[in-house]
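J.: I grabbed these lines from TrEMBL:
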| type | residues | note |
| --- | --- | --- |
| BINDING | A:GLU46, A:VAL321 | Mg(2+) binding site |
| BINDING | A:CYS65, A:CYS68, A:CYS354 | Ni(2+) binding site |
| BINDING | A:CYS68, A:CYS357 | Fe cation binding site |
| DOMAIN | A:119-282 | domain 'NADH-quinone oxidoreductase subunit D' |
| DOMAIN | A:287-360 | domain 'NADH-quinone oxidoreductase subunit D' |
Amino acid sequence: MSNTTIVPFGPQHPVLPEPIHLDLELDDERVVRALPSIGYVHRGLELLAERYDFVEMANVAERICGICSFIHGQGYCQGIEQLMGVEIPPRAAYLRTVWAEISRIQSHVLWLGLAADALGYESLFQHSWRIREMMVDIIEETTGGRVIFGVCKVGGIRKDVDDETLRDVRRRIGEIRAAFDEIATIFRDDPTVRQRTVGVGLLSAADAHALGAVGPVLRASGVVHDTRRLGYAAYGELDWEPIVEQDGDCYARCLVRVREVDQSFDLITQCLDRMPAGEVEISVKGKRPKGEAMFRLEQPRGEVCYYISADGKKNLDRFRVRTPTFANIAPLIHMLKGCELADVPVIVLTIDPCVSCNER
Amino acid sequence: MSFLKKSPWVLHYAATSCNGCDIELLACLTPTYDVERFGIVNTGNPKHADIFLVTGSVNEESRKVVENLYAQMPDPKVVVAIGACALSGGIFRDAYNVYGGIDQVLPVDVYVPGCAARPESIIDGIVQALDILEQRAKARKRQRKIVSQELEAR
């Protein structure tokens, strides 16, 4: 055996907002092996599906994670709707898309802030969160919540947003976009960011594919894969292309997220321009889900799969979520091999770990 | 806030939380709310902290960490439980791997409600915790004085 030291990283660590633990086996300053251990946030919420009504369960699904809360609610509801054969009105689909993209922007900007903090760039962290707060204001005005939206329900959405508010949102999206462009150039060009991220934590396209990476981690390695291409909600009717970078390092992953924020602004504008009029929900009273359904959608962190099985009772039989962070842990362990100890926080952050999603 | 004589440093730990309250807590530190203007600083080191902010409910794994962090903090210290889960387990109280609120494992001084707790209410909770911290510091001073007087008398 060589002379290696084991350094514990986490669960409570200044750079981590959430608890994940890694045992880093070091040879001098170089990481030989990283061993993750999880379970700090496991609540067992999948089992709650057997206890709660399938309509109420949408609230629990939204609380899988506080950052991608809306998209979890959306995924659960669309899974149930698919199972029941319910087609939601177009306005509801468009509003869901708008909220999903708003929550993608706030999640990515939040991540950019945390990444800047991990690089030691405190002022950039503060600026990112200043911009995120503008986004949160829009969320609050349209849904009523800052973190948990609570607007998605089986059969549509809970509350319509009037056209005047939507016009106001469209105007403000323009302002936020201008503010974001200022910090986006720093993430693109600043030497402080580039020096810490270029060439760090390399993941080749073949490895990313073999290890099952998803989301920005996969796209930063040059693989064109975005679950939104399936065309759920309103994505099939919008003009957009998945964002791909070729380098597979931390810088590329950062860049993918910066460009995705821009793309999301664009998608929101498209949705608001084409917003159809009409109802926002259809009644599912008396209907019960029966059978099995699998539903996939794209979270800020990557592809998330929902498996729902029901046998016509008011509770579900089984509810299972496969989250993007879980898929990205294996690529993370691969990236950590051979890196330096000082780079570990940056590499861990670039997969955008969402531990509460991961452990549920 | 006439009682704010010192800068309280806070330690944040997400026990078994969904992230919602954690990002609201981080939002408190950033320009819109900016608690640092009151001298409130977020630290990663339990030995530097006066106030322990815990979000989320608690399970067996996180219990060990929470208790460890609490034990490492120097006296006087105050525990603030943030969010519905930290108060009672919230929506997850029936889940099989959840003990319930943070008060199952730690003595909690301030309870901040909400799912997710709003930054304003979190700041309000910290301000209440400051008051408690001040009282505890005074009580400790009094105790020390009594002990030293008794020692002198001997």
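Glycine is treated like the rest: Cβ placed from N, Cα and C.
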J.: As a test of the contact definition, list every same-chain residue at least 6 positions from A:VAL321 (Mg(2+) binding site) whose Cβ is closer than 8 Å to its Cβ.
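T.: Non-local contacts for A:VAL321 (Mg(2+) binding site): A:GLU46, A:ILE64, A:HIS72, A:VAL304, A:CYS305, A:TYR306, A:TYR307, A:CYS357, A:ARG360.
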J.: Mind looking up the mean pLDDT for the domain 'NADH-quinone oxidoreductase subunit D' (A:287-360) in the predicted model?
T.: 85
J.: Which of the binding-site residues A:GLU46, A:CYS65, A:CYS68, A:VAL321, A:CYS354 have a Cβ lying under 8 Å from any Cβ of chain B?
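T.: Listed in sequence order, the binding-site residues near chain B are A:CYS65, A:CYS354.
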J.: Relative to the Cβ of A:CYS68 (Ni(2+) binding site), which residues of the same chain, six or more apart in sequence, are found under 8 Å away?
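T.: Once residues fewer than 6 apart are set aside, A:CYS68 (Ni(2+) binding site) is near A:SER103, A:SER107, A:GLN299, A:PRO300, A:ARG301, A:CYS354, A:CYS357.
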J.: Taking the Cβ of A:CYS65 (Ni(2+) binding site) as the reference point, list residues of the same chain whose Cβ is under 8 angstroms away and which are at least six residues distant in sequence.
T.: A:HIS72, A:THR323, A:CYS354, A:SER356, A:CYS357
J.: Check the binding-site residues A:CYS354, A:CYS357 for other C-beta atoms within 10 angstroms of each C-beta and report the one with the most.
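T.: Ranked by Cβ atoms within 10 Å, first place goes to A:CYS354.
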